[in-house]
Each structure stands twice: as structure tokens, then as C-alpha cells.
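Peer 1: Residues annotated as repeat 'TPR' in TrEMBL: 66-99, 284-317. Per TrEMBL, the feature coiled coil maps to 290-330. Here TrEMBL flags 338-406 as domain 'J'. The compositional bias 'Basic and acidic residues' feature in TrEMBL is assigned to 395-404. Marked as region 'Disordered' by TrEMBL: 395-427. Sequence annotations record features per position, and here TrEMBL assigns compositional bias 'Gly residues' to 415-424.
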Amino acid sequence: FLLVRLCVTQLNESYFSPVTDCTAVLLLVTCIEQHLEMGRKLLAAGQLAEALSHYHSAVEGDSKNYLTYYKRAAVFLAMGKSKSALPDLTRAIELKPDFLAARIQRGNILLKQGNIQEAREDFQAVISPWDPESRELRAECYIRLGEPRKAILDLTPAARLLNDNRAAFLKLSRLLYDLGEHHGSLSEIRECLKLDQDDKECFAHYKQVKKLSKQLDSAEELISEQQYQEAIEKYDSVMRTEPNIPFYTTKAKERICFCLVKIKQAEEALDMCSEAHQREPQNIHILRDRAEAYILLQDYEKAVEDYQEAREFDQENQEIREGLERAQKLLKISRKRDYYKILGVSRTANKQEIIKAYRKLAQQWHPDNFQSEAEKKEAEKKFIDIASAKEVLTDPEMRQKFDSGEDPLDPENQQGGGGGGGNWPFGFNPFESGSNFHFKFNFN
């Protein structure tokens, strides 16, 4: 109480400039809060005159706060002074036109004073937001304007304001379904069936939503279990179940694209990702997955382009940022030496395929097969690259590094020792002049 009195004294004596002095502003806010709290306690204790005094001070301290006027009006009403309460209620409504509690109180006062027309306006303003017919009419307008989410905001309460409004529940469920919110759609259509389980329209829609929702949930569960081929089949079923709503077709293509990348079916993934991208050009997940498909196809420039485009749509996404950095590293390496291209194998090749390609190329480019010095030197270079590629791609750790955008045989990446001899993987070049090493190959 002493703090409140101190605040009042200081404010009345104009010790502070509220506009320029931050300390004064803070003190002002504290004082107003103290007045409101004291007013509330005194009102609850029935000390109306004392409560009114504090609310007077709160209004004087903050003339733009609709609640201070409303609370002072409540004290006037408790004192039986409805005429005194009327200006405060009016001011509260001016500051906040949708303040329904103030309109109800003002409407009651106006009605008692015999101002029927003015009271009617206040009561209509209160009733209108809860009138289901008005809500449904406005929802229909939003639908025709192509703003389904605003329509949903009106239909959600409208469906529940009447004892039996199955049509509103059905319309609400269909709107949510079209937007891809199948769980919400299922919940609303069940409300319709609770009112009448034999409603034909509601039951038909319920069967459709339930079937599709089950397929979508099952597909995502399969993905979480890394059963990608099964998930692809499930999303194919989704497109057959609902071919007419664009959201579900696009969603299915997006997720199939993701699964195809995971099982390293690069060509199919690229086609599916591109289809999904045409439907939803700003979807960063589609761009990410298509970039990964390009990486599998060793088209690093296009992978970088897709990651850069995704980055434009979401600057903060860490996964996109890391993917872009990796694609840029792979592009840089590919311009120097790409071990997959050297052996002529895909990025998904297994160890057996890599060794087979290596043996074939090593036999073809063995220096002993060439006569002139120029041809031998070219063959030596090719042969070293082929051997390096085989070493990297048959070693799981080195292959993982290379796939992450790092050349494990690049001298720049070596941490002391190793990788010498002109990038010859074993630290020496068997073809150097003066070497006594005689290279023989067994191609069994």
C-alpha cells in the first residue's frame, strides 16, 4: 500500500517524463498494475469506494487500456450507479469493438433506460458471432473466394452451435480432406455419424477418409521402419484411392521420390522427383531428394543447383545447408578425379562390380600393352588412377569419405604421411625410372 501511495505522489508531482525516461515508464506501468490489483482486492472485500478510487487512478494512468474502463464500470454497477458506468463501457467498446462482455453490460443498462434500439444493436453485436446461420453463410463466401481455411474457422463453431448440424460437419470434413488434413477430416465426419450413424452422405465420406488415412499412416510407418519398397507400394495405393485431390497425388510422389533415393534407384527417383517438383516447385524436401538423385547419377552441377534453390526457400534449414556443402565438394572433386567415373561404375555399385570393372580396365591399360614411351606414360597414368579408384571404392571407410565429398587420396586431405608417390595409393610409383620393380598381373 505504501508503494502505491508513493507512486501516486511521484506521478502527481510530475517527477518523471514518461515519454523520454524509461525508468518513469516502468514505474508508471508498475503503479497501474498496483492500482488494478488493489482495486480487485477491495472490490472482492466489498470496499467499493476504496476500490473505485484505485480504478480512477488506473484510468488516469493509462487512458488507452479498455480493461481499466471496464473494471471501473463494474465498480459503478456494484454501487448501483449504472449511469456512471455507461460512459466507461462505451469507452471500453470504442477501444475494443469486439469486447462482448462490455456490450452485454451496456445493452442491459440501455434496455433498463428504455433505449430499446441502442440496446438491440449491442445485443445483436453479441449474438451475431455465435449465430450458426451467419457463420455458415460467411463460410460459403470464403469457399467461393478460395479461402478454405477461413471457412473452416467459421464452420468449426457453427457445426457445434446446433443440436444436429450434420451438413456443417460434412462440409467441414470435406474441406479438411481437400487440404490434406486427413486426421482432422476423419474426426469431423465421426461427429456427423454420432448424430446419425445411418446418414448416407456422411458414411460414404467416412469410408473414403478412413481408407485413405489408414494407407497414409501405414506408408509413413513403413518409411520409419526403413521398408522403402513396401512404402512405395503403399503410396501407389494412395494415388489409386484418391486420384482427384492434388494434395495426395503430390504427397505420394514426394514420398516415393524419397524412398527411391533411399534404395538408390536413381533414374526412377529423378523422374518421380521431377514430377513432384512440377506440382510443388517450392517444396524443399522434393528439391533435396532430387539433388540426392542427381548425386547418385554423378550429375553434381544439377545437384548443387537443386540444393541452392532449396536454400533460397529456407535459409535456416541445416540439412539443406549441409547437403549443399557436400554437393559442392563432390562437384569440386569430380573436376579433379571421380573414382566412379574412372572405373565406369555407378555410385550404387557393389564391391564385386567394382573389382570386375577394375580388372577389365587394369588389363586394358597395363603399360606392358603399349610400345612407345608416350603411350606407356599415358597408360601408367591411367593405370594409377584405376588402381587408386579400386583402393578407395573397395575400402568402406575411404568410400564413405569420398561419398561425403572428400578425396581420401588427395594430399591436401592427408594428415601426415601416406598418399605420396604422385597419388599412387601404396606410397610409391612402380613405373618410376630407375625402379627395379617389375609389375606383373594375374587376371584369374
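Cβ atoms here come from the backbone N, Cα and C positions, even for glycine.
For each feature listed, report its degree of burial, its nearest neighbours and the pertinent distances within the displayed model.
Peer 2: Note on the repeat 'TPR' (66-99): residues 32, 36, 39-40, 43, 48, 51-52, 55-56, 58-59, 105-106, 109-110, 112-113, 129 of its chain, located 6 or more positions outside it, place their CB under 8 angstroms from a CB of the stretch.
Across the repeat 'TPR' (284-317), mean pLDDT in this model comes to 95.
With a cut-off of 8 Å between Cβ atoms, the residues of this chain six or more beyond the compositional bias 'Basic and acidic residues' (395-404) that come close are 326, 329, 333, 339, 347.
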